[in-house]
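Notes for the one structure printed next.
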Amino acid sequence: MRKKIVAGNWKMNLDYNEGLSLFSEVINIINDEVTGQQEVIVCSPFIHLHSLTQLAKGYKVAVGAQNAHQAESGAYTGEISAKQIKSTGAQYVILGHSERRQYFGETNELLAKKADTVLANGLTPIFCIGETLQEREAGSHFGIIKSQLEEGLYHLDEAAFSKIVIAYEPVWAIGTGVTATSEQAQEIHAFIRSEIAEKYSQQVADSITILYGGSCNPKNAPELFAQADIDGGLIGGASLKSRDFADIVKVFN
Ligand SMILES: O=C(CO)COP(=O)(O)O
């Protein structure tokens, strides 16, 4: 059985105290209401990481960051290293989110280096891939996904690749209220899995958790998560509301 995961991505929202109160609400609801084996992750801004890992002690909620620098350390003013993230007690790092690719010029080549550094520091990358609306309309979405996998991750050996969580987030569905239909999402998830089977092995493909992200909410999550190759979600806007986030997590109860 593949691991089911629901991860929240708070993006650049919530001041320090707001983050702590939202997280306290989330861990308490999860504690009271989650009965399944699904893993719950909250990816917060850096300022919250250490406090959240302290609050999470004794609760089944893990904490992650939203980015990390590719270098181990050094003169990179304003950046955060994987080692620093690890030292907060966080376990995950989102890499290659489309907002990083779009607004900060992150390329597949750079993301390959970030994946190496994050893995070398014992953290799990949640590696985001996905096509823009233009690319989908041009019919190039399969090719885009394939090259994001090839250039970002296929340098990893089988053991390292097996540790990755993949998130398929069609850029046109992020923050727009337009979700991919469950058929559209399933089609791409199945494609990703078949590509991984071809590159690595069927066994690796079958064991990799692939999340869907993009306007996921408590209403559409049940149908999305019921698809054969969708193993959970990466949740933006709805992760800022404890009730909505918990209801999405509970789809796997
Ligand atoms: O980008 C996302 C998660 O990483 C999705 O954001 P929304 O759920 O707000 O569309």
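The backbone N, Cα and C atoms fix where each Cβ goes, glycine too.
No curator has checked TrEMBL annotations; they are predicted automatically.
SER215 is the residue from SER162, SER194, SER215 that TrEMBL records in the substrate site together with ASN9, TRP10, LYS11, GLY175, GLY236, GLY237. Rounded to a whole value, the Cα-Cα separation of GLU169 (active site, proton acceptor) and SER215 (substrate binding site) is 9 Å.
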